[in-house]
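Heads up: the structure comes next, in structure tokens.
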Amino acid sequence: MCPSTPSDQHVHAPATSRIDVILGDVSARFARAGILDPRVDAELLVAHVLGVGRGEVQAAAIRAAEIDTVALERLMRLVERRAAREPLQHLTGVAPFRHLELSVGPGVFVPRPETEMVAQLAIDALRVSASPAPVAVDLGTGSGAIALAMATEVPHARVHAAENSVDAFIWAKENFARVNAPNARLVFADLADAFAELDRSVSVLVSNPPYVPTQAIPRDPEVRLYDPPEALYGGEDGLDVVRVLAGVGLRLLHPGGTIIIEHAELQGAPVREVLTAAGWRSAATHPDLTLRDRATTAIRP
Ligand code: GLN
């Protein structure tokens, strides 16, 4: 017999099929595993297994409704994996991003809520562009999140996205097909030399590059073990790719065009310095919804 705690046994073979009780047990299990929003993850996993929305799960819990055995077994297998800190989005296969639902899984960076605000900066810059068909570029698009948000929310823009990881590209391709925005195009390319045909014609260049300093290994297992390292680590100070973007942006953007780069909380000043030293004007850093510095913008002279 393998030793297990009473709570483990409980999760393996729940004494109940009542959704409200299961949600309580699973939340407690997730809390012990160090998951930040245990109840949210519990509700979303139940919703996934039942093929309904989270609100319906909450309603079912209030009614003390029951879950059938097959669904319960499936749920418990997913609960085990989530308790071992596999990302929720890998288990459900989807990640929300603004109004989109993107396919994600192993090999692609899971889109983050803070990047929704980076996409907002890009969308705003596109909307104020004087051009009737402004061109936007998303370098290192990953799942395609920022590019597809721009394409769908600014339909008069033309959006080009590049990704150079084979694994990530496969997910991006699926998402581009799923969203099917007529004004969005995806290419497999290195960000350093992507889109030579667009030189000096781009209005908005946006990127969520890898920016984690090599030594700053992320604490959360979901990030450390499941996000692709090439989407996370940006060299010793984390800014290797930012320096490349500063040069690529001068090539791609027309004068007056905007560059938007996501970065870590403490990288605002160094990113402004990189951009200003490369010749960019009006470098400005913007906070995310948790008031942490999250992105820097600048204007091409
Ligand atoms: N924000 C990411 C994290 O959660 C890092 C993303 C990146 O390097 N682009 O670790």
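Backbone N, Cα and C define each Cβ position, glycine as well.
Same-site candidate for S-adenosyl-L-methionine binding, as annotated by TrEMBL with G140, T141, G142, S143, G144, N208, chosen from E163, E197, E222: E163. Least crowded of the binding-site residues (G140, G144, P210), judged by neighbouring Cβ atoms within 10 Å of its own Cβ: P210. Model confidence over the domain 'Methyltransferase small' (106-215) is summarised by a mean pLDDT of 98. The binding-site residues near ligand 1, defined by a Cβ under 6 Å from one of its atoms, do not include any of G140, S143, E163. Under the DSSP three-state reduction, E163 (S-adenosyl-L-methionine binding site) is assigned to strand. Cα separation, Y211 (substrate binding site) to G140 (S-adenosyl-L-methionine binding site), rounded: 12 Å. Cβ-based crowding with a 10 Å cutoff singles out T141 as the top-ranked of the binding-site residues T141, S143, N208.
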